[in-house]
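What Swiss-Prot says about this one:
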COMPBIAS  110-119  compositional bias 'Basic and acidic residues'
COMPBIAS  156-166  compositional bias 'Acidic residues'
DOMAIN    5-89  domain 'S1-like'
MOD_RES   Thr33  phosphothreonine
MOD_RES   Ser132  phosphoserine
MOD_RES   Ser136  phosphoserine
MOD_RES   Ser137  phosphoserine
MOD_RES   Ser138  phosphoserine
MOD_RES   Ser156  phosphoserine
MOD_RES   Ser160  phosphoserine
REGION    99-166  region 'Disordered'
MOTIF     6-12  motif 'Nuclear localization signal'
MOTIF     56-65  motif 'Nuclear localization signal'
Amino acid sequence: MSQATKRKHVVKEVLGEHMVPSDQQQIVRVLRTPGNNLHEVETAQGQRFLVSMPSKYRKNIWIKRGDFLIVDPIEEGEKVKAEISFVLCKDHVRSLQKDGHWPEAFSQVTEKDNNDRNRQTQPELPAEPQSSGEESSSEDDSDLFVNTNRRQYHESEEESEEEEAA
């Protein structure tokens, strides 16, 4: 199987299905990445340990601090105690919260992170009244990447009216 085909199948698997953890699996949050395809994670109970990334995810899926994973325990591991079995994206997290499979300790963390991101990405503009509630959750741009290395230019309505009049 070529590298492109492998990548296509791995990405399709990660983005496509909604997985519920089994009895042995755990939902964990990534704290840091010390390297060599190892990630330090924290469970809902506060236990910290290392997890390894299987070779099918390497160079295909990137994991960053704050992401959530489903891991399988490794019995013989001393430092590395689990292996990543699934990477959870925001849609998976919402689905697990709705189904009641999400740990309470992480629900507080996700709400706090969402509030922090909204404060960072939303410029402080005067509040405008909402239009007739036609906006759906699919139009929510709060999870889009914002490049912080670029200046944010905000054009006011007064400036645009002056330009149109000239």
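For all residues, glycine too, the Cβ spot is worked out from N, Cα and C.
In terms of DSSP helix, strand and coil, the domain 'S1-like' (5-89) has 12 helix, 35 strand, 38 coil.
A C-beta separation below 8 Å, combined with a sequence spacing of at least six in one chain, links Thr33 (phosphothreonine) to His39, Glu40, Ile63, Lys64, Arg65.
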